[in-house]
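Peer 1: Take a look at this one; I'll ask things after.
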Amino acid sequence: MDQGSQKASVTPYEEVLDALSSLITKRSRADPSIKGDRFDLLFDYIKILDLEEPISKLKIIHVAGTKGKGSTCTFTEAILRNCGFHTGLFTSPHLIDIRERFRLDGVDICEEKFLAYFWWCYDRLKENTNDDVPMPTFFRFITLLAFKIFTAEQVDVAILEVGLGGRFDSTNVVQAPIVCGISSLGYDHMEILGNTIGEIAGEKAGIFKRGVPAFTVSQPDEAMRVLEEKASQLDVHLQVVPPLDANLLNGTKLGLEGEHQYLNAGLAVALCSTWLQRTGHLEVTNLQQNSSLPEQFIKGLSTASLQGRAQIVPDRHIDIERSGDLVFYLDGAHSPESMEVCARWFSLAIKEDSQQQTLNYQPQDDARSSNELIQRDSGGRSRKNSTQILLFNCMSVRDPQLLLPRLLKTCASHGVHFKKALLVPNISVYHKVGSHALSSTDSQVDLSWQFTIQRVWENLMQGNKGVDAQSMDAVCEEVKDDTELCVKNCANSAVFSSLPIAIKWLRDYVQQNQSIRFQVLVTGSIHLVGDVLKLAKK
């Protein structure tokens, strides 16, 4: 790359992000031509990068699943790091910075190393690809980059989270992992993985390798049958792991919030135990689940940290004295099952906040630090009423008529009711990477999907089920909005042309209603969660 040709205004890091953006295809993920998409090309890329032998020497833990695979990988990495191993963790997606996807010893790879490894891979691929072997697409490239980083850094263990599915995922070039895991399965990415839970399970089981032990959690019957069948065909010893017994933690709490995390923690403990045993590290494997876990395991589980999952962040824009008056509850749930889990977590979290007058606040500057409990002055806040707001978007391949009822019903069962739903497009542009990928507040942005979600929400709130989209327009009658910030304001919802405008509306509302504390659940899209995290810092 001719570094002299870059403009003075573009930093070396931005140049890398532009090069990465050029690898993002514009095809819809539902495009039927994508399935498999010449999977064999990955082996050509690995040869070009001379990574065949280095990858074969990596001691890999490979994890697929619909829900909880990122949390399972995070717990697994934290445990093995606390056992003294040099760890590499590859996850997706990132929320704020692409480097979050590549973690060494629990920390995002530094910019200097990221730039060096990026150009090492990119330049070799650019020089050696052609019409028959084109440049890899975005996710394939970053998977190859992860392999380069982990092999060059000589990690003791590489924990790989599958990006999508399993069988044709680019992480599945791994031929001989030490152990595999399948987290909870559910209905997601059906446009690619299949319409039944059995078909989805078959794709996830594609990561099984002959004779390599595998673990999973309790699954729906049809999914479990498929997993067992695939395991049997490959002589894989598949074991079902129960949720972690909280008593084994000796009084400490998991670093990741939510009851569902005990399921992921149990899977992580099994993966770590087997990895230690199969790599000859027997000194740390006293893991009979009848007393307590080794100290290193407890420390890993209690200090694990993952942005955008059951995360509570006070808005930085509000005065510090009133920082509890606008609080974002962030969770990237985007399937019907995870929406229910998210609703349960939110309902319990706001009740706990109300009872204890505390905020469970996870610092953004140190991703390794455990959740901190920051005591707030209860004098003023205890007299304030709380109002719940939903800030929502989901991808158009998902069905809001499946997602939103699960959210509403679960919240209502805990006595939680939303005053308003704010519906926004994501500000991250899908064909760009990095902070310069944030779109402007374009008045021409297509909001037809947000209007569709709004009709579903208004319909649900007014209890009119089974109405077609056309008659829903009557339900969604516009209400005057004095702020003139929203595009379409209805009784129970408002559509905004951009996320920054919705955040401004919230902040203005807080200033005008100083006797009320606003608790905003942000969910439906991990990309939306990342965008809110960026803005909540400002």
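Placement of Cβ uses the backbone N, Cα and C atoms for every residue, glycine included.
Caution: TrEMBL annotation is automatic and unverified by curators.
Annotation source TrEMBL lists Mg(2+) binding site at Ser92, Glu161, His189. Taken from TrEMBL, the feature ATP binding site applies to Arg309, Asp331. If you look up TrEMBL, you'll see 365-380 marked as compositional bias 'Basic and acidic residues'. Summarising the annotation, TrEMBL assigns domain 'Mur ligase central' to 63-219. The region 'Disordered' annotation in TrEMBL covers 357-381.
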Peer 1: With an 8 Å cut-off on Cβ-Cβ distance and a minimum sequence separation of at least 6, pull the same-chain contacts of Glu161 (Mg(2+) binding site), or say none.
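Peer 2: Expected: Val63, Lys69, Gly70, Cys73, Leu89, Phe90, Thr91, Ser92, Thr171.
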Peer 1: Please list, in sequence order, the residues in the chain of Asp331 (ATP binding site) that are at least six apart in sequence and whose C-beta is under 8 Å away from its C-beta.
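Peer 2: Same-chain residues close to Asp331 (ATP binding site) (Cβ under 8 Å, separated by 6 or more) are Gly308, Arg309, Ala310, Gln311, Cys342, Trp345, Phe346, Leu521, Val522, Thr523, Val529.
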Peer 1: Counting across all protein chains shown, how many other Cβ atoms sit within 10 Å of the Cβ of Arg309 (ATP binding site)?
Peer 2: 25
Peer 1: State the count of C-beta atoms found within 10 angstroms of the C-beta of Ser92 (Mg(2+) binding site), not counting that atom itself.
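Peer 2: Looking across every protein chain shown, the total is 19.
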